[in-house]
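See below for the structure under consideration.
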Amino acid sequence: MMELEGEKPKYGEPRKYDPTFKGPIYNRGCTDIVCCIFFIICILGYFAVGILAWTQGDPRKVIYPTDSRGQFCGQAGTPLETKPLLFYFNIMKCASPMVLLEFQCPTTQMCVEKCPDKFMTLLKAYTNKEDFKYYKNFCKEGLEGLTVTQILSSGLCPAMLTPSKPFTRRCFPALDQKKGGEITVGNNSKFDDGEGNIRDAKDLVAGVKNATVVIEARQVVMKIFEDYTQSWYWILIGLVIAMLISLLFIVLLRFLAGIMVWVMIVMVILVIGYGIVHCSMEYVSLKSEAGSNVTLKDLGFQTDFSVYLHIRQTWLAFIIILAIVEVIIILLLIFLRNRILIAIALIKEASRAIGYVMSALFYPLFTFALLSIVIAYWAVTAVFLSTSNQPIYKVFNETACDHSRKICEPANFSTSSMKAECPDSKCLFAFYGGETVYHKYLIGLQFYNVFLFFWCANFVTALGQMTLAGAFASYYWALVKPDDMPAFPIFSSLGRSLRYHTGSLAFGSLILSIIQIIRVLLEYIDHKLQGTQNKCTKFLLCCLKCCFWCLEKFIKFINRNAYIMVAIYGKNFCTSAKDAFFLLMRNMIRVAVLDKVTDFLLFLGKLLIVGLVGIFAFFFFSGRVKAFENTAPNLHYYWVPILTVVVGSYLIAHGFFSVYAMCVDTLFLCFLEDLERNDGSAERPYLMSDRLLRVLNKKNKPEPAQ
């Protein structure tokens, strides 16, 4: 439909020619001052929260386990220095549902030098001097002259000891897992519970099984942790290799952009093709092995993930996934071949721009350093906040009691009315808490810590985007390069961003942080309501999470382009966001095709780096190459370092390619403005490179002869 005469265009007026415009405006004023002041106040409040947490918190509560009196096991300079492990009198009580509510096993806990390594009951140990001497290591003091009944009724000793092993400084039952899946505890079929009752050992095994459901998962975590301790050195080497390959790609793109793009495309297709061939070979090799035809559904969840690699269906799934990815990439390359030529020209222009602003390649290191500081401050503050509570003791009892789970004082509990009314009750350490104003609002301080973490992290990312945008925009609009460019484009742009646009950066990052914290709250609500929610609630939460995920992606897109406009024109955030959005909407076809094709090509570059490093890591850690058999560490799960290297390689590649992506996005917006401002005449020549002019079938008209 044609617009009526005098009607305002839907997406604003195109940019008009301005002979005085020569790139980023230098005479500019401060923008979004209110948000800047608010951000500074919040940062000062963040420091205050950190100082308050550091004065109240005690990180030892995270490092050391605590006994029933709230004392730290293994803490240097204390009587428990030589007793670093926590022992539970009755580990089976840890399977109680109350543990999930109170995060504390309703049984006596004490610090010991080492975990018990033999099965023994108090009744039998009491009759043997040597056995009882060993048993006392797991009992409280004051056993002299007491009978077995008196010891048990006073809660001074556990009724029995079971072989245990330390895990996270706590003693957990050491179960002997046999091939048939049977669990055995010693050779005794019967045992005395210490109270005159003879019980079958199967009852003990059943109880221990219930108490150790979570322990199996913890053992997997422990094995993964051990794998990291064995392979961290090689993981770092893999990440360094990824960094060197990324840097090499960026340098080669600078000088051989067109060739490198096509090399990346071909290499990605070849790497994925090799993955399909390798998975096919593994699939065929398992054909004759017994048990390899078991389906993943029948196999179920296994803590030993290497089991899945001996199943043919696993490799078939890998083949299908890689084949789908390969086909999608090839089809996209076929249908977008013409646009790829324009995108390559844009990447070449970005390479040329980076050649004039080489310091931009190292700017991600500055962003990484700032993000590391933000993450470290958040993590330390979170630890101190979570450990700034006081020890709370509660009444735990075996029988019905009116004082059950009430707060008590261990110092005078034996003479208190609670003990008199409930003789079998105990005053045990329950958790860390408090009743002061500080403790009441502790959850609010934790929320503030998380929110400011998101805000500061987004601010640092936004600062990097605006700094790079200002530097690359000064390159594009320079009529004579590099004479019309600042001497130090990155430092000049960084100074402008911090001096004039801290408020705009804070405003954009605040909007994004609010959306992110809402997503976190939705995940928290979903986790809390899991198992109790009806289908309607589940559907509603799913829709909300999907909507806010989409909203976050849209805001990131708007913010990124708004920061480019702020860097160029120096206007406030809202005006810049509107101008950027309208400019993109006026050129919707170019945005949908050209810009996204460029992003796709850069993504292929990241995918290639990840694929190369991932293949190398696979052959090294899996021991498939004989040359690495004696060098590679001995691991429980060799996929642990492989996944770590793959994820780390992608993040490293993303960090380096983000400079190119920001350069392309900035040049793309400048390119669109150039098309609107100028017409190629001698008075209004295009400022884009001759290469882009040829690809777009445009040219600058020569000046008329005098």
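A Cβ is built for glycine as well, from the same backbone N, Cα and C atoms used for every other residue.
Fair warning: this is a prediction, and the values are worked out from it, not measured in the lab.
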Feature transmembrane segment in TrEMBL, mapped to one of the ranges 84-102, 635-653, 654-672: 635-653
Interface-richest range of 259-277, 315-336, 356-385, 450-478, 498-522 toward the transmembrane segment (232-253), CB pairs under 8 Å: 259-277
Of 31-54, 315-336, 600-623, 635-653, whichever stretch has the most CB pairs under 8 A to the transmembrane segment (356-385): 31-54
Cβ contacts the transmembrane segment (498-522)/the transmembrane segment (31-54), at least three under 8 Å, sequence gap 6 or more: yes
Highest-contact recorded stretch vs the transmembrane segment (31-54), from 259-277, 315-336, 450-478, 635-653, CB pairs under 8 Å: 450-478
Leading stretch by Cβ pairs under 8 Å, where the reference is the transmembrane segment (600-623) and the options are 259-277, 315-336, 450-478: 259-277
Other parts of the chain folded back onto the transmembrane segment (315-336), taken as Cβ under 8 Å at six or more residues beyond its ends: 265, 268-269, 272-273, 275-276, 279-280, 282-283, 286, 296, 309, 593, 597, 600, 604
